[in-house]
Amino acid sequence: MKNNGGARVVVIGAGFVGASYVFALMNQGIADEIVLIDANESKAIGDAMDFNHGKVFAPKPVDIWHGDYDDCRDADLVVICAGANQKPGETRLDLVDKNIAIFRSIVESVMASGFQGLFLVATNPVDILTYATWKFSGLPHERVIGSGTILDTARFRFLLGEYFSVAPQNVHAYIIGEHGDTELPVWSQAYIGVMPIRKLVESKGEEAQKDLERIFVNVRDAAYQIIEKKGATYYGIAMGLARVTRAILHNENAILTVSAYLDGLYGERDVYIGVPAVINRNGIREVIEIELNDDEKNRFHHSAATLKSVLARAFTR
């Protein structure tokens, strides 16, 4: 039973991402109960102790404890951060074989508890593992969400804000597709306030166009740069996960770029991929189909084809 009748989030995987996510939840007052599950039980116990010692500084009361899969029964949201990490030189897709086996065990254990909530997947390759979570869980696809390109979009908005000297909150631009090497920027629908970005740089010549391309490359390759410097990325994605969690638990109907299931939109079917979607307490209310130009359409189809190729290999063995 729930301790206080409030919103319960179960976090599976108390590594860098999982612990940073719990820290973000706690500091933003998003959840009422947070349960930590990790294969290394000692780590989960230690983290729960550490977080509880900081409860006096939190903006609202929160119950935090280390638990097991039985705690998923009454959870509103299970967030999966567990799995093998990306090493220097590895792509996110290199992690498929290692992590699908881990996910089958995790998801089946969660469902055996009687879980009836939503899944949020953070582990890479996130689009593939969100699809795997959906398959293994048997839940409707709208109740299984991946972090998708939420962090890529945040990086994009940050770098564009720096370039144009405006707050990133006033940059309206999206990265869609695979959370990985085939992702793409939607320049045709990118705005600073109400001004199209392409129009803003028109008069600045070819060098400004090259600047925009460099910004995208820095977005796409950011994880590689961070991993090379400090071994892993976790703060940015933790804050992105907290944002999705708030949209779910507070029933916000917020539009966020998550990994969502496509069943005809964007001309694609049977794939989870990063697209803008409306998120509320029921999960993905709807996917928003952006009007893409021909080049963007081709790049998006290439990204989807890359993911489908990996899925075909992973699920036919």
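Every residue gets a Cβ built from N, Cα and C, even glycine.
These come from Swiss-Prot:
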type	residues	note
ACT_SITE	His179	active site, proton acceptor
BINDING	Phe16, Val17, Asp38, Lys43, Tyr69, Gly83, Ala84, Ser105, Ala122, Thr123, Asn124, Ser147	NAD(+) binding site
BINDING	Gln86, Arg92, Asn124, Pro125, Val126, Asp127, Asp152, Thr153, Ala154, Arg155, Thr233	substrate binding site
BINDING	Arg157, Gln169, Asn170, Val171, His172	beta-D-fructose 1,6-bisphosphate binding site
MOD_RES	Tyr224	phosphotyrosine
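Here the features listed in Swiss-Prot are placed on the structure.
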residue	record	Cβ contacts under 8 Å, 6 or more apart
Phe16	NAD(+) binding site	Ala232, Tyr234
Asp38	NAD(+) binding site	Ile12, Gly13, Ala14, Gly15, Gly18, Ala44, His66, Ala82
Tyr69	NAD(+) binding site	Ile37, Ser109, Val110, Ala112, Ser113
Ala84	NAD(+) binding site	Leu95, Lys98, Asn99, Ile102
Ala122	NAD(+) binding site	Val17, Tyr21, Val79, Ile80, Cys81, Gly146, Ser147, Ile237, Leu241
Ala154	substrate binding site	Pro168, Gly236, Met239, Gly240
Gln169	beta-D-fructose 1,6-bisphosphate binding site	Arg157
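It is 9 Å from the Cα atom of Thr233 (substrate binding site) to that of the residue listed as 'phosphotyrosine'.
Shown are the binding-site residues Asn124, Asn170, Thr233; the one with the most C-beta atoms within 10 angstroms of its own C-beta is Asn124. Residue annotation for NAD(+) gives Phe16, Val17, Asp38, Lys43, Tyr69, Gly83, Ala84, Ser105, Ala122, Thr123, Asn124, Ser147. The furthest Cα pair among them is separated by 24 Å. Ranked by how many other Cβ atoms sit within 10 Å of their Cβ, the recorded positions Gln86, Asp152, Tyr224 place Tyr224 at the bottom. The recorded positions considered are Arg157, His172, His179; of these, His172 has the fewest other C-beta atoms within 10 angstroms of its C-beta. Neighbour counts were taken as the number of other C-beta atoms within 10 angstroms of each residue's C-beta; across the binding-site residues Val126, Val171, the minimum falls on Val171. Of the candidate recorded positions, Asn124, Asp152, Tyr224, the one lying closest to Val171 (beta-D-fructose 1,6-bisphosphate binding site) when CA atoms are compared is Asp152. The binding-site residues recorded for this entry are Gln86, Asn124, Asp152, and the Cα of Asp152 lies nearest to that of Asn170 (beta-D-fructose 1,6-bisphosphate binding site). Compute the center of the Cβ atoms of Arg157, Gln169, Asn170, Val171, His172, which mark the site for beta-D-fructose 1,6-bisphosphate; besides them, the chain residues with Cβ within 8 Å of that center are Leu160, Gly161, Val166, Ala167, Pro168, Ala173, Ile192. Cα of Gln86 (substrate binding site) to Cα of Asn124 (NAD(+) binding site): a distance of 8 Å.
In space, His179 is the closest of the recorded positions His172, His179, Tyr224 to Val126 (substrate binding site), judged by Cα positions.
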